[in-house]
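Trainee: Feature annotation from TrEMBL assigns transmembrane segment to 26-49, 61-79, 91-114, 126-150, 170-192, 204-221, 250-277, 289-306, 318-337, 344-366.
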Amino acid sequence: MTSSTVMNYDIENDDSFTQPVGRWSVLYYGSGHMLNDITAACWFTYLLLFLTDIGLSPRGAAAVMLSGQIADGFATIFIGELIDRFGHFKIWHGAGSVLVAVSFSSVFGGCMPCRILSTSTLKVETISYCVFAAIFNVGWAATQVAHMSMVNCITLNSTSRVVLTSCRNAFTMVANLSLYAIAFIVFSVSTAKTHADLENQYRWIAYSSIFIGCCFVGIFLSRTEEPRLKMGLRGNSHARISWAYWFKKILYYQVALVYMLTRLVVNVSQAYLAFYVINDLRMGQSAKALVPAIIYICSFIVSILLQEMAWTGQRLKAYYSAGGVLWVFCGAGILILPMNMSAFMYVLAIFVGIANALMMVTGISMQNVLVGEDLSGCAFVCGTLSFLDKMSCGIAVYVLQSYQSKLCRLCFKNTL
C-alpha cells in the first residue's frame, strides 16, 4: 500500500472529517472575513460617492475602482495557485489582512503623493488612488481566497460546508450593518460644510471599519486551527491537480456563471444604491445608511435560518432559483418606483435582503459541490471564480460610470 493510498484511507476512516462541525468552530471561522467584508462594504457603497465628492470625474472614480478590481482578479488566480502548492491558509489570511488594513486607510485617508509632491492635480490624485486601490485589492484577494477555500479542507460533510458558508455570509451582514451604523452616526453627528469636513467624515468611517475588522481577524487567527485535511494532502503525490482537470468539467462553467452573476448583481447594486436613494428618489441623507442597513438585517436573519437546514444539490439549486426570481421582481420594482413613493424603497429593501442571502449562500456553496473531495485544487477554483467576479464587476461599474459621465456633459451643454 502506497503512502498516498494510506493517507486517503486514513481520511476516509477518520470520522472527524465527516462529522458536523461544532458551533464554536463555525463561529470562529465565520469571523475571519469581517475585515474584508466591512472594508468591501465601504468600498462598494461609498468609494464612488467619496471620489466624486472630492472632485474626481465619474470616469476617474470608475478608473480607480476598475484598477482595484483588475488587481484583485489577477491576484486571486496567482494566490490560489500558491495556496494549492504550499498550503498555510492562515499565513496567507494574516498577511492579506495586514495589507488590507494599511492600504485601505490610505485610500480614504487622502492623496498621500499629493502631499509629498505639494500638488493636487486631478491626474496625480487619480493615479494615487488607483495605486492604493490596487494594493488594497491584492491584500483583499489573499484573505478572501485563503478564507473561502478553507471550507473544503475543514470538513468533508456537505451540510457543514453550507453551514460554514452561511455563517460566513451572516458575518458579512454583521460587517455591513456595522459599517452602516458607523456611517449613520458620522453623517448624523457631523455636517460636511467644507471639502476637509467631507474627507474627515469618510476617514472616520474607514478607520472605525478597520479597527472593528482587525479585532475579528485576531479572533479568527487565534481560535481557528490550520485545516488538517490540507495538511494531510501535503505529502500526497497526487496532491497537485492540473488546471485542465477543472476546465474539462461542465460543472465548473455552470458554477462559474452562477457565481459571477450573483456577485455582479449584489456588488453593482450595492455600489449604486447610495446614488439611487439620494439622486433619483431624493430621499434624506440618512437613507443612504438606512436602506442598506435594512437589506443586511434581512440577509443576516435569512443566513442564520439557512444554517439550520440539511442541504443537497437539488435544494441548493431550488433556493438559488427562488432568490433569483425574487431579485428580478425587486429590480423591476426599483426600476419603476416613482419619486413620490420613495418610502416604498424600505419595503423593497426587505425583499432585496432576502434575495441576496438566498443567492449568496447557495451560490458560494455550489463551489463546495464542485470541489467535492478534490481538495488540492480548492484554492484555484475559488481564485478563478473570483477573477470572473472582480473583472465583471469592475467592467460593469466602469461602463456605467462612463455612461453617467456622458449624461453629465450632455446636461451641461443643454444648460448653456
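Every residue, even glycine, has its Cβ placed from backbone N, Cα and C.
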Trainee: Between the transmembrane segment (289-306) and the transmembrane segment (61-79), are there three or more CB pairs that fall under 8 A, provided the residues in each pair are separated by 6 or more in sequence?
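Mentor: No; fewer than 3 Cβ pairs under 8 Å.
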Trainee: Determine whether the transmembrane segment (170-192) and the transmembrane segment (91-114) share at least three Cβ pairs under 8 Å, counting only pairs 6 or more apart in sequence.
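Mentor: Answer no: the transmembrane segment (170-192) and the transmembrane segment (91-114) share fewer than 3 Cβ pairs below 8 Å.
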Trainee: Sequence gap of 6 or more, Cβ distance under 8 Å, 3 or more pairs: do the transmembrane segment (91-114) and the transmembrane segment (204-221) meet that?
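Mentor: Yes, the transmembrane segment (91-114) and the transmembrane segment (204-221) are in contact.
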Trainee: Looking only at the recorded stretches 26-49, 204-221, 250-277, 289-306, 344-366, which one has the largest tally of CB-CB distances under 8 Å to the transmembrane segment (126-150)?
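Mentor: Out of the listed stretches, 26-49 contacts the transmembrane segment (126-150) most.
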Trainee: Who are the chain neighbours of the transmembrane segment (26-49) in space, where the CB to CB distance is under 8 Å and they lie at least 6 residues beyond its ends?
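Mentor: For the transmembrane segment (26-49), the nonlocal Cβ contacts are 58, 61-62, 64-65, 68, 93, 97, 100-101, 104, 107-108, 136, 140, 143-144, 147, 150-151, 154, 160, 163-164, 167-168, 170-172, 174-176, 178-180, 183, 202, 205-206, 209-210, 212-217, 219-221, 223-224, 267, 270-275, 288, 292, 307, 397, 401.
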Trainee: Which bits of the chain, at least 6 residues beyond where the transmembrane segment (344-366) starts or stops, bring a Cβ under 8 A of a Cβ in it?
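Mentor: Same-chain residues near the transmembrane segment (344-366) but 6 or more away: 148, 161-162, 165-166, 168-169, 172-173, 255, 258-259, 262, 265-266, 269, 277, 281, 283, 287, 290-292, 294-300, 302-303, 306, 311, 316-317, 319-320, 322-324, 326-327, 329-330, 333-334, 337.
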Trainee: Near the transmembrane segment (250-277), which same-chain residues lie under 8 Å Cβ to Cβ, leaving out any that are not at least 6 residues past its ends?
Mentor: 41, 44-49, 65, 283, 287-288, 291-292, 320, 327, 334, 342, 345, 352, 356, 359-360, 363-364, 366-367, 369-370, 381, 384-385, 388-389, 392-393, 396-397, 400
